[in-house]
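Read the structure below first, then the notes.
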Amino acid sequence: WEFNGSFHQPSAFLMLGIPGLETLHPWISIPFCALYLTALLGNCMILFIIRKTQSLHEPMYYFLCMLAVTDLGLALCTLPTTLGLFWFNLRRIGFDACLTQMYFIHILSFFESSVLLAMAFDRFIAISRPLRHPSILTKATVAKIGLAIVLRGMLSLLPIPFLLKRLTYCGKVELSHSFCFHPDIMNLACADIKVNVFYGMIILLSTVGMDFVFIVLSYILIIKTVVSLATKEECLKALNTCVSHICAVLVFFIPMIGLSMIHRFGKNVPPLVNALVAYTYLIIPPALNPVIYSIKSSHIREALLRTLRRKSG
């Protein structure tokens with residue numbers, strides 16, 4: 001423990017793996033390694049293919065690049081501490097290092113939510129205004145949307161580490177996961193955390209919450225547009241372009257909402273359930289998104305096959 005002025009601040013926190021299964025951590029690390037490897041290779045492949053394929057230089061694929069970069073960041077944020085704990089039982093993480101990891105985990109989660117909203121907007125314009133789509137979503141517009149996503153995430157979450165540093169910590173220093181999460185750190189404080197709770201809730205609702213609402217509204221408008229199409233074939237073709245995005249939205253938002261609810265209201269939830277939801281939230285989306293888009297997007301699939309043929313030739 002370190003004494004700093006008028007408050008106590010721990011020099012480090014202790015991370016927790018999967019409660020009750022500590023002896024099986026080396027074996028549990030195998031599927032985690034597979035998921036991390038899939039996330040890293042899959043998202044790098046998406047970026048490489050889009051960069052090399054001129055026909056994919058469109059708004060939809062620019063947003064997919066943003067999603068791939070965000071997923072890479074999320075995977076790299078949690079990989080060192082998670083595998084370090086599973087392989088070598090490295091539970092200790094410095095206080096400042098923990099706050100840094102927490103900031104980047106949350107900021108990348110906000111980026112992912114915002115990119116998914118931008119992709120929903122792109123699908124709505126492509127289906128409802130197909131002729132105006134290129135003039136509405138130009139390269140400059142996509143770049144401005146990307147910059148707005150970065151600035152919104154960075155600025156809205158900037159006070160969080162400072163709000164945590166001002167708190168007094170005493171007694172417990174054990175986190176619930178193998179990574180640092182804002183509600184988890186906040187609940188270890190023995191000071192008044194009302195400001196942290198209020199600010200965290202406001203930011204979550206005004207960013208990720210609003211993103212989810214607008215995504216739902218976008219799909220309501222998309223469905224209304226699709227229903228008005230002349231033939232069943234046109235209707236199915238239009239909806240088929242949204243399947244990958246809908247899967248990505250569900251894979252990201254369902255575990256995120258579940259984890260937020262558990263940390264705020266689920267005091268009696270078993271630690272094992274808490275851990276599984278947390279890992280699902282942070283590891284599954286980065287691993288599944290490139291798989292979903294590779295399977296469902298014929299353009300990505302064809303570009304990948306062409307690249308593999310050139311390499312083998």
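Cβ atoms here come from the backbone N, Cα and C positions, even for glycine.
Automatic prediction, not curation, is the source of TrEMBL annotations.
Computed from a predicted structure; not experimentally measured.
Copied over from TrEMBL, here are the features:
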TRANSMEM  24-49  transmembrane segment
DOMAIN    42-293  domain 'G-protein coupled receptors family 1 profile'
TRANSMEM  61-88  transmembrane segment
TRANSMEM  100-121  transmembrane segment
TRANSMEM  142-164  transmembrane segment
TRANSMEM  197-222  transmembrane segment
TRANSMEM  243-263  transmembrane segment
TRANSMEM  275-295  transmembrane segment
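With pairs at least 6 apart in sequence, the transmembrane segment (142-164) and the transmembrane segment (275-295) have fewer than 3 Cβ pairs within the 8 Å limit; the two do not touch. For the transmembrane segment (142-164), the most Cβ-contacting stretch among 61-88, 100-121, 197-222, 243-263 is 100-121 (pairs under 8 Å). Counting residues 6+ beyond its ends, the transmembrane segment (24-49) has Cβ neighbours under 8 Å at 17-18, 56, 64-65, 68-69, 71-72, 74-76, 79, 82-83, 85-87, 89, 279, 283-284, 286-287, 289-291, 293-294, 300, 303-304, 307 in the same chain.
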